[in-house]
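Heads up, the thing below is written out as structure tokens.
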Amino acid sequence: MFSNILVVCVGNICRSPTGERLLQQLLPDKQISSAGIAVEKSRLTGKPADETARLVASERGIYLLDHKAQQLTAQLCAKQDLILVMEQGHIDALTEL
């Protein structure tokens with residue numbers, strides 16, 4: 001049904017990478033990635049996951065050490081079968097792409 005799943009938040013350093021890795025564990029046969037709506041604006045492109053997010057995630061068996069933040073783009077969205085957002089405002093940002 002859904003093969004390519006994208007998880008979206010603002011900076012792609014806390015919520016969306018955690019959601020991405022959790023879904024990768026739960027759905028190993030799916031292609032799951034994450035991105036942020038304001039990564040470039042916040043100068044977070046290529047940055048690792050937030051230290052607190054890494055700690056909280058690791059306590060639950062989710063590892064974010066190799067994560068690198070990426071900007072949400074229309075091209076990235078076009079490749080997805082399902083896009084999951086963290087807040088209503090993220091839907092608004094998606095419609096503006």
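The backbone N, Cα and C atoms fix where each Cβ goes, glycine too.
Predicted automatically and left uncurated, TrEMBL annotations should be read as such.
Owing to the predicted nature of the structure, the values given are computational and were not obtained by experimental measurement.
Some features that TrEMBL has for this protein:
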DOMAIN    3-97  domain 'Phosphotyrosine protein phosphatase I'
ACT_SITE  Cys9  active site, nucleophile
ACT_SITE  Arg15  active site
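Remark: secondary structure over the domain 'Phosphotyrosine protein phosphatase I' (3-97) totals 33 helix, 17 strand, 45 coil, with classes taken from DSSP. Across the fold, the C-alpha of the residue listed as 'active site' and the C-alpha of Cys9 (active site, nucleophile) stand 6 Å from each other. Cβ environment of the residue listed as 'active site, nucleophile': Arg15, Ser16, Gly19, Ser34, Gly36, Ile37, Val85, Met86, Glu87, His90 lie under 8 Å away, each six or more residues apart in the same chain. When Cβ atoms from all protein chains are considered, those within 10 Å of the residue listed as 'active site' total 20, not counting its own.
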